[in-house]
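Student: Take a look at this one; I'll ask things after.
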Amino acid sequence: MYTPIPANTPAPTAPTSSMTSNSSSASNANTTSSSGINPRNRASGTPSNERARPASGISSFLNTFGIRQNSQTASSSAAPDQRLFGTTPSNSHMSVAMESIDTAPQQQEPRLHHPIQMPLSAQFHVHRNYQLPISISLTAPTTTDHQQSSAHNFEGNNVGNVQESLNQRQPNGTNNTTTSIISMAPAATTRNIVGGADGSTIVNNSQEMYKNLRHLIYAANQPNGTEILHLDLPATSAEESNNMFNVDEVTLKQRKDKHGLFSIRLTPFIDSSSTTNQGLFFEPIIRKAGPGSQLVIGRYTERVRDAISKIPEQYHPVVFKSKVVSRTHGCFKVDSQGNWYIKDVKSSSGTFLNHQRLSPASSLSKDTPLRDGDILQLGMDFRGGTEEIYRCVRMRIELNRSWKLKANSFNKEALQRLQNLQKLTTGIEEEDCSICLCKIKPCQAIFISPCAHSWHFRCVRRLVMLSYPQFVCPNCRSSCDLEASFESSDEEDESDVESEGDQLVDQLSVLMETSKDVDSHP
């Protein structure tokens, strides 16, 4: 309650800084001055006038700051000197601070009782060395039930106990936030979990599974790599299946890299017989995966770009910038023996393996085994393939480090002869590529000019094509004709004989001169 001050008591003078620094006090002073009341002589006024002023001005002032008007406790507990100077919490910026202090714990209390849990995918991003397994959705996000089964599959890696653990985890609430990367088990395992006793339910879940096909990469120590894939193999002979699944330890070790992962390399296949276009050109693609992994083949979109932005390139899905490739066109699969498979997932334009279509349009295909050197085509040319975005994708498949060329004795001897030739011509025993400044090693494509200088072919290719057939050496500036005709073998033999005869004549002349010099000296 407000306590009036006697008239004979002098009113204290408010500090100048308090009136100038406080914007609310200044506005309050302007309000009182406009009504004919001096704020310094406010104490000399009647109590009724003093009560009327807060009743009319405080409510409007508090509304400007969005403060509730039921803060009577704060205003009643203010000190007398604060009420006199116009700096009470009810009419100054102090009310905002006190209100925030009173209300902040109430707003933050639920957050403290329900802390945010970091998803498993975020733990992968924070980890310096990227860990496996990972899973990416290239299409629509998954549901909460799907994430519950996925989280358990990541922890257990046991297909038989998935249903029991899932029932135990159902009462607990889960986070509905969908992340771009969620660790999970293969989609085929999810099909068995969700499917009921009747076969129709399983078929419907299978259709939904391939509609939201996921990109799965497992580590090298993934158990049951072949079982979790649920392969649907075509009918083959017993001998072929025996050779496929019975791999000795030496062959299996050769198929793996130093981290125990299998690999696949895709290079563009240039069809010389095609008269219209050569297909979509792309840089060689190398992907690595552990047993039981599933690599999605699809179209490059913004969603895919955001999903793979924090994943190493060797674990990316196989995506192309072509309209004839569906968003989830198909997938590669690899089992525990290092065997690779291709599956068409209801693509509209089709998947062709060695010029044979795997399945009709909008239908699933079998898990067809792949062999080293197979030709794979995704889609068909649209509008004649005049635009690059409407061209099909043709590629050659190389499996399990088969493209790695090992330097044998012949390669090393060839490089040694090249270095000896450079030593004779330039006096330098070992010359690096003058374009990229890297060493020339065995099993590399090398271009040797007639002046005995050499470069990597990919480095000098543009210089060769720029003024072909004339070539100007960038090192010594000598010019040569790359289309110059070769001499016949007979002429070469005759030139060799003539050169050998000339050498004999020169040697004899030198011997005769030396003998004359010896005879002349007594």
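Backbone N, Cα and C atoms are what each Cβ position is placed from, and that goes for glycine too.
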Student: Going by Swiss-Prot alone, which of Lys211, Lys253, Lys516 is annotated as ubiquitin cross-link?
Tutor: Lys211
Student: Going by what Swiss-Prot says, which of Lys321, Lys406 is noted as ubiquitin cross-link?
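Tutor: Record annotation (Swiss-Prot, ubiquitin cross-link): Lys406.
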Student: Quick check on the annotations: Swiss-Prot lists region 'Disordered' for one of 69-92, 141-164, 477-500. Which range is it?
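Tutor: It is 69-92 that Swiss-Prot describes as region 'Disordered'.
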Student: Tell me which residue from Lys310, Lys404 Swiss-Prot records as ubiquitin cross-link.
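Tutor: Swiss-Prot annotates ubiquitin cross-link at Lys310; the rest carry no such entry.
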Student: Could you work out which of the recorded sites (Lys288, Lys346) has its C-beta surrounded by the smallest number of other C-beta atoms within 10 A?
Tutor: Lys346
Student: Which one, from the recorded sites Lys258, Lys333, has the smallest tally of other C-beta atoms lying within 10 Å of its C-beta?
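Tutor: If we count Cβ atoms within 10 Å for the recorded sites Lys258, Lys333, the smallest count is at Lys258.
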Student: Given the recorded sites Lys310, Lys333, Lys366, Lys412, tell me which ones have a C-alpha lying within 10 Å of the C-alpha of Lys343 (ubiquitin cross-link).
Tutor: Lys333, Lys366
Student: Sorted by position, what residues of the same chain at least six away from Lys256 (ubiquitin cross-link) have a C-beta under 8 A from it?
Tutor: Ala220, Phe262, Gly338, Asn400
Student: Going by C-alpha distance, which of the recorded sites Lys288, Lys310, Lys333, Lys346 is nearest to Lys412 (ubiquitin cross-link)?
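Tutor: Among Lys288, Lys310, Lys333, Lys346, Lys288.
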Student: In the zinc finger (433-477), how many residues does DSSP put in helix, strand and coil?
Tutor: 10 helix, 9 strand, 26 coil
Student: Of the residues in the domain 'FHA' (295-358), how many are helix, strand and coil by DSSP?
Tutor: 9 helix, 24 strand, 31 coil
